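**Student:** Can you keep this structure in mind? I'll have questions shortly.
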C-alpha cells in the first residue's frame, strides 16, 4: 500500500511539473519552446540516475546527495502519459523550432500590417464620418440633378449656356431677396439728354433774369437821365437869367438918356453898369464857388471824420485794453498773494511748533505775523511787495540758498511794508534755510 501511494504521489507531482501538451496547442511557438527545455533536463537527470543505479542496491532509493528536486525522481518502471522526449524527437523539435524561426520574420510584419489596418478602421473621428456622409449625400444629389436635367432637356447643354443660366438664376434670386443690383457703368457716363435738358433750363433761367434786369434797368437809367437833365436845365436857366437881367438894365439906361448930349453919359453909365454887372457876376460866381467849396469841405470833413472817429475808437479801445490788462494784473497778483498766504501760514505753524523763538519777542512776532497774513488775505499789500515775496518763494522751492540769502539781505531796502512785517518774513525764510532744508538734504 505504501508503495502504491508513493507511486501515485510521484505521478501527480510529475504531472504538475510537466503537464501533458494538448494536440491543438502544438502549433503555438511560446509553449513549445517552454516545454522543450524541461525534458532535456529530465533526460539528463534520468541518464545520471541510470548511471548511478548500478552502484546502489536494487531495493534502495536514489541517493539524496544527487537530488535536484524536492520530490523524488521517477521509479524504474514509470512510464509518463506524454511521449517521452527521446533523442530522435529532439531533432524534430529542433527542426520545428527552425521552421518557426524561419517563418517568424515573414509572418510578423504581415500580422502587424493587418493590425495597423484594423486599428485605422476601428478608430475614426465622428466628425470625419459626418463629413463623409455629407459629401456622399451631395454627390448623390448632384447625380440626381444631372439625371433629371438630362431627362427634362433631352439635349445636352454647353458650358457657356450653363454659365448664362446660372447668372440669370442668381439675378432672379437677388431680386426676389430684395438685394440691390450693382451700379451700371452707364450711370457714371455722360448723358446727353439729361445735360441738354439742364442746359436748356439754365438758358431759360438766364433769359428770364436778363428780361428782369432789362425791365428794372430802364427805371434806374431814366431816373439818372432825369437827374442829369435837371442839373443841365438848372445851369441853362441861371445863364439865361443873367443875360436877361443884363439886357433889361441896358434898355433902362437907353430909355432914361434919350438925348444925344447924354450919349456920353449913357456910354459911361453903360460902362459903369457893365462894370457893376461884371462885379455882380464875379460876386455871384464867388458866392457859388464858396458854396461849392463849403460843400466840398463838408464832404472832405465827412471823409476825414472817420479818421477822427477811428482815433477816438482807438483811444477807447486802448483804454479798454488798459483796463483789461490792469484786471489781468490784479488777478495775477491776487493768485500770487493767495499762494504766499498759504506758504506763510504753514511756515508759521512749523515755526511756533518747533519753538525756535521762546523769548518775549516771540509774542510780538506772532502779532506781526497775524497782521501780515490779514493784509495778504484782504489783498491790501502792494503788488511790488507781492512780487518780491513770490520771487523769494520760488528761490526757496528751487533750494537756491545763496540767492535767497542775498534777496533777504536786500529785502528791507526794497520793500514798502512796515519793519515788523519785514522781520517776520526774514525770520520765516531764515527758518527754512537753517532748519528745514538741511534736514531734507540729510534725508
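Any Cβ shown, glycine's included, is placed from N, Cα and C.
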**Student:** Looking at phosphoserine as annotated by Swiss-Prot, pick the matching residue from 60, 119, 147, 254.
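**Tutor:** Swiss-Prot records phosphoserine at 254.
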**Student:** Out of 6, 12, 175, 345, which residue gets the N6-acetyllysine annotation in Swiss-Prot?
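**Tutor:** Swiss-Prot records N6-acetyllysine at 12.
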**Student:** Quick check on the record annotations: which of 72, 141, 238 is tagged phosphoserine by Swiss-Prot?
**Tutor:** 238
**Student:** Given the candidates 64, 277, 283, 416, specify the residue that Swiss-Prot annotates with phosphothreonine.
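**Tutor:** Cross-referencing 64, 277, 283, 416 with Swiss-Prot, phosphothreonine lands on 277.
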**Student:** Please report the DSSP secondary structure of residue 12 (N6-acetyllysine), reduced to three states.
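**Tutor:** SS state of residue 12 (N6-acetyllysine) = helix.
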